[in-house]
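Peer 1: I am attaching a structure below and will ask some questions about it afterwards.
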Amino acid sequence: MFGKALLALPLLCLALQAIATPLEPRKAHPGLIEDLLNGILTPILQSLKDILTGVKSGVADGEISAKPLICLSTLDKCCVWWDVSAELTKKFKQPNGECNDNARAAIRFGFHDAGAWDKDTTTGGADGSLMMDFGEIDRPENNGLQSVRLLLRDVQAQFKVGYADLAQYAHNHATSTCPKGPRIKTYIGRKDATGPAPEGKLPDVHDTPDNLIALFERKGFTPHDLAALVGAHAAAKQRFVDTSQAGKPLDTTPGVWDVEFYNDTLQNPQNPDIFVLPSDKVLSVHPKISDEWNSFIGDQPHWNEDYAKAYIRMSLLGVTNLQDLKDCTKTLPKKNSR
């Protein structure tokens with residue numbers, strides 16, 4: 001009798017230990033995403049490789065479906081994201097159909113959460129750390145994101161989704177909420193952060209164009225990609241670069257995801273109704289970027305395609321469990337044509 005009891009004790013201890021053990025920590029893996037896309041690939045990894053190499057589009061305007069009347073999360077990990085999507089639509093859309101300040105902030109939030117990473121770091125990337133309690137929100141470069149962080153934390157608490165996934169899902173939801181914006185292929189399944197992102201990995205609006213290009217190259221982006229990503233300022237306003245002009249938009253149509261930004265930034269003299277970031281101005285005329293910058297003017301589909309491809313890479317910086325991801329693009333709202 002005692003022998004059986006003693007045998008049972010280790011098993012009981014193991015069971016209790018399994019219950020008490022926290023979620024598996026996020027695995028550190030320096031290097032670019034290409035390092036994880038070699039050899040025999042699963043369908044999800046092959047899809048990512050095809051998008052990042054330009055074989056397939058990162059825009060999925062037609063991939064949409066309504067939530068089934070019976071949706072079991074055990075069978076479809078996307079179930080809860082239809083509910084998250086409906087909630088974000090309420091928070092991101094203005095009565096006139098344009099995207100609002102919450103949507104603009106969510107776009108920036110996705111960048112700042114994912115972008116604090118480069119190929120030599122073992123922390124940071126698209127891990128939700130900016131939304132969590134690691135103190136990143138108090139860093140100067142994240143000023144202005146406090147309100148949207150609280151908004152997203154409320155959504156996370158309501159639906160119990162991952163911080164890392166929500167930061168990137170909210171970005172993609174916001175771009176599709178803005179008129180003319182692309183429905184970017186959207187994946188869930190990232191691991192949440194176990195610590196803060198490294199400092200000094202985000203761009204500075206007063207930096208030189210060569211430094212900015214080098215900064216993004218260390219994350220895996222070409223100057224062509226950078227030209228496309230900077231276009232997110234089409235739906236942005238500045239508040240802290242020049243507080244005397246707080247609230248000024250960065251292009252003439254801040255509620256619309258369009259290519260007016262590229263033309264507006266180039267204008268001399270500058271339109272007094274908008275604010276041009278110093279970094280945008282110098283990048284727009286840099287020889288490694290100016291051709292691509294000008295090619296976006298008047299060509300919305302071109303920009304949407306290039307932006308989607310580049311941002312999918314951004315949304316996966318530092319993510320090492322790519323094989324666990326699930327495509328939940330179908331849960332995003334339909335393309336906003338107003």
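For all residues, glycine too, the Cβ spot is worked out from N, Cα and C.
A quick note: this is a predicted structure, and the numbers were derived from the prediction, not measured.
Okay, so TrEMBL annotates it like this:
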DISULFID  Cys78-Cys328  disulfide bond
DISULFID  Cys99-Cys178  disulfide bond
DOMAIN    103-234  domain 'Plant heme peroxidase family profile'
BINDING   Asp113, Gly125, Asp127, Ser129  Ca(2+) 1 binding site
BINDING   His233  heme b binding site
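Show me how these features fit into the structure around them.
Peer 2: Non-local neighbourhood of Cys78 (disulfide bond): Ile188, Lys326, Cys328, Lys330, Thr331, each in the same chain, at least six residues away, with C-beta under 8 Å from its C-beta.
Around Cys99 (disulfide bond), the same-chain residues at least 6 positions away in sequence with a Cβ under 8 Å from its Cβ are Phe92, Lys93, Ala174, Thr177, Cys178, Pro179, Gly181, Ala235, Gly255, Val256, Trp257, Asn336.
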Peer 1: Can you grab the distance from Asp127 (Ca(2+) 1 binding site) over to His233 (heme b binding site)? Cα atoms, rounded to a whole Å.
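Peer 2: Their Cα atoms are separated by 23 Å.
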Peer 1: Measure from the Cα of His233 (heme b binding site) to the Cα of every one of the binding-site residues Asp113, Gly125, Ser129, then give the nearest.
Peer 2: Asp113
Peer 1: Just going by other Cβ atoms within 10 Å, which of the binding-site residues Asp113, Asp127 has the emptiest spot?
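Peer 2: If we count Cβ atoms within 10 Å for the binding-site residues Asp113, Asp127, the smallest count is at Asp127.
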